[in-house]
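Undergrad: Provided herewith is a single structure, encoded as structure tokens, for subsequent inquiry.
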Amino acid sequence: MYNQVVKTSMQLTLALIKPNAVFVPYVIQYIHKILLDENFFIIRRTHLRLSLDQAGDFYKEHQLKFFHNRLVSFMSSGPLEAMVLYRDDAIAHWRKLIGPTKVYQTIYSHPSSIRGIYGLTDTRNTIHGSDSPATALKEIKVFFPNFNIEDWKQHEEPKLMSGMFKLDEEAFVHHPL
Ligand SMILES: Nc1ccn([C@@H]2O[C@H](COP(=O)(O)OP(=O)(O)OP(=O)(O)O)[C@@H](O)[C@H]2O)c(=O)n1
Ligand SMILES: Nc1ncnc2c1ncn2[C@@H]1O[C@H](COP(=O)(O)OP(=O)(O)O)[C@@H](O)[C@H]1O
Ligand SMILES: [Mg+2]
């Protein structure tokens, strides 16, 4: 029974490293180190550039905001590093590590969060995390259209949960054995 309780709090989420940071080695290294230190599994990882339309779709909820135009042009200005993460309470835990959205405040309120350290501006805030389980599923589909969660749950998740995995350091992905 205890196992079941633990398992139900496990979650998938999507992390994105935004274009201002995606090719800055010390930022990438810092983010990857946090992921391992905080016991996230890196389930899938890729680099992908969104078109203007795809970025607009990704941030549809913000289409009437004053920053929408700059947000969408920024997010489609270069490749993103996308990762499917898995952990106990992954969604909230990742967002806590990221820090609040608006960098000009976050540098004072949460100076040791990722955005507090490496965010540049409220738009170019370096990192993304899904905000709910439903959003996570939707966002994972955008970057990993071939990732079949049901298959993964059946074939890969049990191995991760029983310790049968190894980190492929070059790909920076945990592979089930
Ligand atoms: N109507 C507005 C316009 C701007 N701002 C805030 O004012 C700050 C400075 O805006 P701006 O100079 O346009 O942004 P930049 O610092 O140049 O950076 P970016 O375009 O990456 O956000 C931003 O954090 C923005 O969130 C705001 O709260 N309300
Ligand atoms: N006030 C703002 N000024 C400029 N850009 C913003 C502002 N608010 C949000 N953004 C940009 O839009 C993205 C999406 O906003 P939101 O969903 O509110 O935040 P979060 O990324 O923390 O979930 C932010 O990560 C940031 O890049
Ligand atoms: Mg959001």
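Heads up, residue numbers simply count up from 1 along the chain you see.
The backbone N, Cα and C atoms fix where each Cβ goes, glycine too.
According to TrEMBL, the protein carries these features:
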ACT_SITE  His128  active site, pros-phosphohistidine intermediate
BINDING   Lys18, Phe67, Arg95, Thr101, Arg115, Asn125  ATP binding site
DOMAIN    10-151  domain 'Nucleoside diphosphate kinase-like'
Undergrad: Which of the three DSSP-derived classes (helix, strand, coil) applies to Arg115 (ATP binding site)?
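TA: Once the DSSP labels are grouped into three classes, Arg115 (ATP binding site) ends up as helix.
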Undergrad: I'd like to know which of the binding-site residues listed (Lys18, Arg95, Arg115, Asn125) lie near ligand 2, counting only a CB under 6 Å away.
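TA: Only Asn125 qualify.
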Undergrad: Looking only at the domain 'Nucleoside diphosphate kinase-like' (10-151), how are its residues distributed among DSSP helix, strand and coil?
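TA: Breakdown, helix to coil: 66 helix, 28 strand, 48 coil.
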Undergrad: Cα-Cα separation of Phe67 (ATP binding site) and His128 (active site, pros-phosphohistidine intermediate), in Å?
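TA: If we compare the Cα positions of Phe67 (ATP binding site) and His128 (active site, pros-phosphohistidine intermediate), the gap is 16 Å.
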Undergrad: Between Thr101 (ATP binding site) and His128 (active site, pros-phosphohistidine intermediate), how far is it from one CA atom to the other, in Å?
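TA: Checking the Cα atoms of Thr101 (ATP binding site) and His128 (active site, pros-phosphohistidine intermediate) gives a distance of 9 Å.
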Undergrad: Within the chain of Arg95 (ATP binding site), which residues six or more apart in sequence place their C-beta under 8 angstroms from its C-beta?
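TA: Residues satisfying the criterion: Gly129, Asp131.
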Undergrad: Count the Cβ atoms, other than its own, that fall within 10 Å of the Cβ of Phe67 (ATP binding site), considering every protein chain shown.
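TA: Phe67 (ATP binding site): 12 neighbouring Cβ atoms within 10 Å.
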Undergrad: Other than its own, how many Cβ atoms are within 10 Å of the Cβ belonging to Lys18 (ATP binding site)?
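TA: Cβ-Cβ neighbours of Lys18 (ATP binding site) within 10 Å number 20.
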